[in-house]
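Heads up, the thing below is written out as structure tokens.
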Amino acid sequence: MQPAPDEARRDAAEDAQWSRPECQVWTGALLLGTCLLYCARASMPVCAATMSQDFGWNKKEAGVVLSSFFWGYCLTQVVGGHLGDRIGGEKVILLSASAWGFITAATPLLSHLGSAHLAFMTFSRVLTGLLQGVYFPALTSLLSQKVRESERAFTYSTVGAGSQFGTLVTGAVGSLLLDWYGWPSVFYFSGGLTLLWVCYVYRCLLGEKDLILALGVLAQGLPVSRHTKVPWRQLFRKPSVWAAIISQLSAACSFFILLSWLPTFFKETFPGSKGWVFNVVPWLVAIPASLFSGLLSDRLINQGYRTITVRKFMQVMGLGLSSVFALCLGHTSSFCKSVVFASASIGLQTFNHSGISVNIQDLAPSCAGFLFGVANTAGALAGRRSRGRVPGWLPHRDHGLLDVCVQPGGSHQQPRAMHLPGAREGPAGGPEPRPRGPLADRPTVAEDPAPSASGTALSSEAPCSRPRREQRVSLSPQEGAVRRPRPRG
């Protein structure tokens, strides 16, 4: 009697999984690969200020170069996941890493091709985004096929910790290289290390035949997997799939908002604070938090708790509790408490690695890369919007609001405090009480600012500020009534 097709497929999938030593070796290699991915990604932001001085870029042009990464990053998420499901995620990662490592190392050479530095650098960032966009969907496909369900959370959390570690390495080592040898050395450093990592994976972990087979499949467009037909229509009718997509969108949006706006918040709210404190401490906390979330998740599953229950608990911690600490940032006037709240929020966000990121692998292991690509595309679009030109409201230490006009790439105009209509600042700096007496209920006289040549009241502040009318009340020192102009004649 032959086994059922589902049982045979399940046995074949278990045979293809890594053994414990293989899983440890691959986890270390992918952790280093994720670290180098973020080293290459963060090279341009580290060097943006120096390159702007050398090439004469203004803030808008520098913002275009920085934000152009997401233009390409959004386009290859689904493609990377689909290729990972077909030819193997490790092959997709190796091919893309060799390409983005070469482009990163060659970025300083592009500046010597002509005088159009802005066009060349923007083109380089778009290509880097296109090539790096396949990494995490292919990684999800690889881990869903090669790692046991009871070990996926810790493996993915360990590999995901490379994002924080890579950001810290580029910020520390890249800053030193920038001061000692100039901005080209930062690109040589990150691109060269990526190419060395590719050589190590190719020689020690992948065979030449596997890579040649993958290249042949890409050239001919032939399917490799025996089970290439996936019921997409039936898959997208499931509420759990849409819940995973929305959760990934929310997680990516909250992460990119903190990544983009946290330095601005600390700089404007605590002008005298040290930049290395709020730029380094939260990401240092995130590394052990990511490892702890993976260990906790796998331990709960091994103790008999349902997998779906553990995934939901991790997601509540990663989205719900982290959002509570993020909201607390606007309700404290202490710098130390703000750093604690920011570190707690970013650290708890790493629990998403043990929640929705591996839950997609649980839902559909055979097409996990494709599903993660769809979900991460939405998150990448949210990241593109959070780094673009949008007016936003940031909490201030006086529990007010700051109206910030943000330029692409994170530059912003000088913030201004909101003025409430009908209120004036009294001697103590607070709003002056409204008048009392028989004339208190009468409408007040509004003093218009001096009109411009076009007849419209304009503000001399930031370009994004809107003209406003401020009601001012003139009080009599004896009666507290509103003074009215005397009639003429």
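Glycine too: its Cβ is placed from the backbone N, Cα and C atoms.
Automated prediction, rather than curation, is the source of TrEMBL annotations.
Annotation source TrEMBL lists domain 'Major facilitator superfamily (MFS) profile' at 26-489. The transmembrane segment annotation in TrEMBL covers 92-111, 123-142, 154-174, 180-202, 241-261, 281-301, 313-332. Sequence annotations record features per position, and here TrEMBL assigns region 'Disordered' to 404-489.
Proximity of the transmembrane segment (180-202) to the transmembrane segment (241-261) is not established, fewer than 3 Cβ-Cβ distances being under 8 Å for residue pairs spaced 6 or more apart. Comparison of 92-111, 123-142, 154-174, 281-301, 313-332 by number of C-beta pairs under 8 angstroms to the transmembrane segment (241-261) places 313-332 first. Long-range neighbours of the transmembrane segment (92-111) within the same chain, counting only residues 6 or more positions beyond its ends whose Cβ lies under 8 Å from a Cβ of the stretch, are 30, 33, 36-37, 40, 43-44, 55, 80, 83-84, 117, 120-121, 123-124, 127-128, 131-132, 134-135, 138-139, 141-142, 183-184, 187-188, 190-195, 197-198, 201-202, 206, 211, 214-215.
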